[in-house]
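Features of the protein shown, as given by TrEMBL:
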| type | residues | note |
| --- | --- | --- |
| ACT_SITE | Cys443 | active site, nucleophile |
| BINDING | Cys320, Ala321, Gly322, Pro323, Gly324, Gly325, Lys326, Glu345, Asp372, Asp390 | S-adenosyl-L-methionine binding site |
| COMPBIAS | 1-15 | compositional bias 'Basic and acidic residues' |
| DOMAIN | 226-510 | domain 'SAM-dependent MTase RsmB/NOP-type' |
| REGION | 1-50 | region 'Disordered' |
Amino acid sequence: MSEQGRRGQRPDHGRSGGGRSAAPRAGGNGPRAGGRPPQRRGRRGGEVDPVRTAAADTLEAVATSDAYANLVLPKLLRERGISGRDAAFATELVYGTLRLRGRYDAILARCTNDRPLDQVDPPVLDLLRLGAHQLLGMRVPAHAAVSETVALVRSRVSLGAGGFANAVLRAVSAADLETWLDRLSSEIHDDGARLAAVESHPAWVVRALRSSLRAHGRPATELPELLHADNEPPAVTLVARPGLVSPEEVVAQVDRSLAEDATPGRWAPTALRLPGGDPAALPAVREARAGVQDEGSQLVALALAAAPVEGQEARWLDLCAGPGGKSALLGAIAAERGVHLVANEVAPHRARLVAQSTAALPRESVEVRTGDGRTLGEAEPGAYDRVLVDAPCTGLGALRRRPESRWRRLPEDLPGLTALQRDLLESALAAVRPGGVVAYVTCSPHLAETSAVVADVLRGRDDVTRLDAREALLAATGRDVPGLGDGPDVQLWPHVHGTDAMFLALLRRER
Ligand SMILES: C[S@@+](CC[C@H](N)C(=O)[O-])C[C@H]1O[C@@H](n2cnc3c(N)ncnc32)[C@H](O)[C@@H]1O
């Protein structure tokens with residue numbers, strides 16, 4: 001395999017003066033986030049940059065309080081009056097640093113004068129990663145990246161740590177990204193470990209994704225492309241909820257400068273993509289007639305609604321509904337068909353989010369409940385025509401949109417999750433009536449959470465038939481969606497479909 005192939009496909013790094021790459025890099029901001037530091041005036045020598053401080057505070061909250069960057073950072077930027085290009089710069093600093101942590105650690109480990117990274121004070125290490133991202137993932141001039149990061153280390157940790165950071169970052173800045181990646185590729189001989197470092201994923205996730213690609217009939221040689229896609233920020237994708245608003249009506253509400261570049265979704269008739277902006281500000285989103293939703297999430301909900309069900313329909317169930325994106329889409333379709341949706345969620349605060357997501361639906365067509373989905377099937381046997389089990393999972397299929405999650409999840413999380421997934425699927429099969437259909441969905445392609453759960457639950461049962469989910473998906477989209485494999489289940493992929501890696505199995509209860 002070629003060097004490039006082993007490393008993964010990276011964008012063509014155009015070069016500008018000084019040998020630094022001019023193009024945004026893998027996991028970089030692209031045109032939306034603005035990688036060049038905005039010009040700020042009026043800071044005295046030695047003062048730390050407030051925008052980088054906001055980024056460092058967010059990284060600290062993520063590291064020490066298990067916080068989510070996408071919740072902490074916007075709040076912090078609002079409180080500190082940081083907006084526009086400064087806010088975009090801070091966002092790229094945080095997201096890029098978190099996503100590419102594995103890659104930067106492999107590089108930093110070669111710049112610390114043989115000091116292992118686990119012996120570097122964690123707050124210093126986080127700031128070194130922040131500096132490395134400015135040097136290698138953004139278009140920040142090297143002197144600014146080093147001096148601003150060293151100022152942060154001095155002010156937040158100690159003068160001595162500042163000296164150490166200075167030496168390490170100068171060593172990082174001695175080569176550009178291309179050169180560093182060539183070096184990692186030539187020095188790390190194990191295939192999985194090399195991909196883990198170059199494409200910044202934990203090694204166990206690399207192994208899991210390789211197995212899943214193979215199991216779904218895709219060549220393992222696609223793995224670098226898949227990992228690379230996980231490092232690309234996803235497009236802003238909206239859903240126009242049927243019967244409540246059309247994609248065209250949503251586009252009409254978008255700022256004229258962005259509307260020209262709005263495009264329909266690739267597959268789902270309900271989807272549209274925006275080049276940026278603040279979708280939460282659109283009237284249709286504020287009124288819950290539209291929402292922000294990955295196209296893969298839309299596709300699995302649409303496929304359940306399109307699956308063949310025998311006889312009259314009256315009641316649908318979303319067993320694990322929070323925060324309610326799929327409930328809102330299913331509920332909109334249900335309302336059009338005169339069907340009632342029950343949206344169940346175990347966590348009260350997430351049930352409140354479901355109520356918000358479904359607020360635009362006619363009141364009589366949806367009921368939001370708080371309860372344990374594991375017991376619902378026993379309590380209401382055979383009461384529903386269609387049931388969605390969008391099970392709690394590792395979220396390994398949505399790494400693009402959750403920059404820190406790949407480092408938080410551990411293989412030890414799997415047994416607890418798969419036990420819960422099995423219980424929920426069994427409950428769903430009890431809740432669906434004969435002739436009705438259950439969709440088992442995860443935003444993870446990990447085989448233990450997908451095919452293995454379905455196989456475990458169906459073992460020894462002859463009252464359930466596996467439907468061809470590809471046919472339902474094609475019926476739902478009316479388009480020829482390529483790369484759906486041999487079936488009967490569907491596994492979507494970021495590098496093939498441009499969606500999160502959603503898994504879908506459709507199961508019909510025969511008796
Ligand atoms: C993957 S999320 C569902 C996402 C949702 N379908 C959407 O599109 O917005 C899984 C949800 O299951 C909920 N959950 C976990 N255990 C549950 C249980 N025993 N019963 C019902 N819901 C549960 C979690 O709180 C979480 O909100």
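Every residue, even glycine, has its Cβ placed from backbone N, Cα and C.
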Residue among the binding-site residues Gly322, Gly324 whose Cβ has the most other Cβ atoms within 10 Å: Gly324
Cβ neighbours of Asp372 (S-adenosyl-L-methionine binding site) where a neighbour is any other Cβ within 10 Å: 14
Close in space, distant in sequence - Lys326 (S-adenosyl-L-methionine binding site), Cβ under 8 Å, 6 or more apart: Ser297, Val300, Ala301, Asp318, Leu388, Asp390, Val441
Cα distance (Å, whole number) from Cys320 (S-adenosyl-L-methionine binding site) to Cys443 (active site, nucleophile): 13
Under 8 Å by Cβ from Cys320 (S-adenosyl-L-methionine binding site), same chain, sequence gap 6 or more: Asn344, Glu345, Val346, Gly373, Val389, Asp390, Ala391, Pro392, Leu424
Taking residues Cys320, Ala321, Gly322, Pro323, Gly324, Gly325, Lys326, Glu345, Asp372, Asp390, which bind S-adenosyl-L-methionine in the record, the widest Cα spacing (Å, whole number): 19
Whole-number mean of pLDDT values that fall within the domain 'SAM-dependent MTase RsmB/NOP-type' (226-510): 96
